[in-house]
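Worksheet: the structure to be examined is printed underneath.
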Amino acid sequence: DTCGSGYNVDQRRTNSGCKAGNGDRHFCGCDRTGVVECKGGKWTEVQDCGSSSCKGTSNGGATC
């Protein structure tokens, strides 16, 4: 569910599978600028950051 070694630990690829334990956490989507959350087993964008950047941590808590 990560985006590869070139990406930060706070990023997840939108629509990729996620672990159930991450369901209440928010990461930065690496396909586009937005916040993703685990919904229905996949990382789903819940907030579009638009022209703003997304900031996050390795254990979730991402915000625009």
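Each residue's number is its place along the chain shown, starting with 1.
Placement of Cβ uses the backbone N, Cα and C atoms for every residue, glycine included.
The disulfide bond annotation in Swiss-Prot covers Cys3-Cys30 (among others). According to DSSP, Cys3 (disulfide bond) is assigned to coil rather than to any helix or strand.
Residues or ranges marked as disulfide bond by Swiss-Prot: Cys18-Cys38 (among others). The 10 Å shell around the Cβ of Cys38 (disulfide bond) contains 23 further Cβ atoms across the protein chains shown. DSSP assigns Cys38 (disulfide bond) to a strand in the three-state reduction.
Under the three-state DSSP scheme, Cys54 (disulfide bond) falls in the coil class. Per Swiss-Prot, disulfide bond is recorded for Cys28-Cys54 (among others).
Residues annotated as disulfide bond in Swiss-Prot: Cys49-Cys64 (among others). Long-range Cβ proximity for Cys49 (disulfide bond), meaning a same-chain Cβ under 8 A and a gap of 6 or more residues, is found for Thr33, Gly34, Val35, Cys64. Secondary structure at Cys49 (disulfide bond), taken from DSSP and collapsed to helix, strand or coil, is coil.
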For Cys38 (disulfide bond) and Cys30 (disulfide bond), what Cα-Cα distance in Å is obtained after rounding to a whole number?
14
Mind giving me a neighbour count for Cys28 (disulfide bond)? Other Cβ atoms within 10 Å of its Cβ, every protein chain shown.
24
May I ask you to report the DSSP-based helix, strand or coil state of Cys28 (disulfide bond)?
strand
